[in-house]
Ligand code: BV8
Ligand code: ZN
């Protein structure tokens, strides 16, 4: 702890990367805990453009379930410790892989590199905006149960979330009347799915930070998902130091804090939350 705090006090540019483990204490299941399943599907198999193209109703049930769950949760001491530290120290930059919005709810201004559960994008006109309505459309009310034996709602395309103010409406057959209708584009969650590239400006901003960073804190991530999983080696290759906060020990870190980050972060950062 003392050698870490010495490094913390002399560091010029501190970058903090968080993953699902930072929200675990808020009651949000991590991506890979309990196998990371929703119903009988691996979460990672639903967070893809292919899954959305094949069955937008099932993917929207998955995201409605997560939006509904997160909307009932609060930030925990890990989020508040990071927000407090950012206030106390200049040149601290928070990058999160999480899409739950809890860092912002705790007062941080994170780079949300994988987007947000509460932002949507129109697949027809490309418009992107925040939408916190719950449910986001009537047809999803009461849907999204995560149990393995829960059945798909099979919501017809025209009753899934649609872009009301769409500049490029699409022609569809109404599932209710069978008539031809002109309707706003299908909305999708504005998150980065697997096999989708991150927004180039976001990646550029991150790259600049990592190249200048002399201390990287990696908090609550399994280090499986790229490009986030590659950040520690970038910092180390530039001579920076890496501190890991995880339930499991990690090789290769200069400082390794093993245990719940909601307990260890306030101590390590020297903040009272
Ligand atoms: C891309 C949004 C270019 C969606 C997410 C190189 C090698 C291999 C594969 C690839 C590669 N480069 C690219 C890939 C493909 C892929 C990838 O990495 N695949 C993995 C599975 C191998 N990457 C991509 O596709 C990325 N795009 O690279 O673009 C490109 C383009 C086309 C084709 C190829 C490449 C985009 C990845 C973004 C995916 N979207 N989220 C959504 O959320 O619905 S990622 C998703 O996983 C979440 O955001 C989550 O945060 C993230 C990472 O998971 P973790 O946060 O680490 O969570 P996890 O459950 O795994 O771990 C929790 C950890 O916390 C554990 O270690 C646990 O011990 C710890 N913990 C738990 N409780 C606590 C705790 N620690 C402390 N305290 C606690 N209390
Ligand atoms: Zn639109």
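Every residue gets a Cβ built from N, Cα and C, even glycine.
Heads up, TrEMBL stuff is auto-annotated, nobody curated it.
Source: prediction; values computed, not measured.
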Q: Report the candidate from 137, 166 that shares the Zn(2+) site with 122, 125, 182, as recorded in TrEMBL.
A: 166
Q. Do any of the recorded positions 63, 66, 114, 182 touch ligand 2, in the sense that the CB is under 6 Å from one of its atoms?
A. none
**Q.** Of the recorded positions listed as 63, 66, 114, the one whose CA lies nearest the CA of residue 182 (Zn(2+) binding site)
**A.** 63
Q. What does DSSP call residue 125 (Zn(2+) binding site) in the simple three-state scheme?
A. coil
Q: Note the Cβ centroid of 122, 125, 166, 182, the recorded Zn(2+) site, then list each other residue of that chain whose Cβ lies within 8 Å of it, in sequence.
A: 124, 127, 162, 163, 165, 167, 168, 169, 170, 183, 184, 185
Q: May I ask for the distance between residue 63 (substrate binding site) and residue 125 (Zn(2+) binding site), taken between their Cα atoms and rounded to an integer number of Å?
A: 21
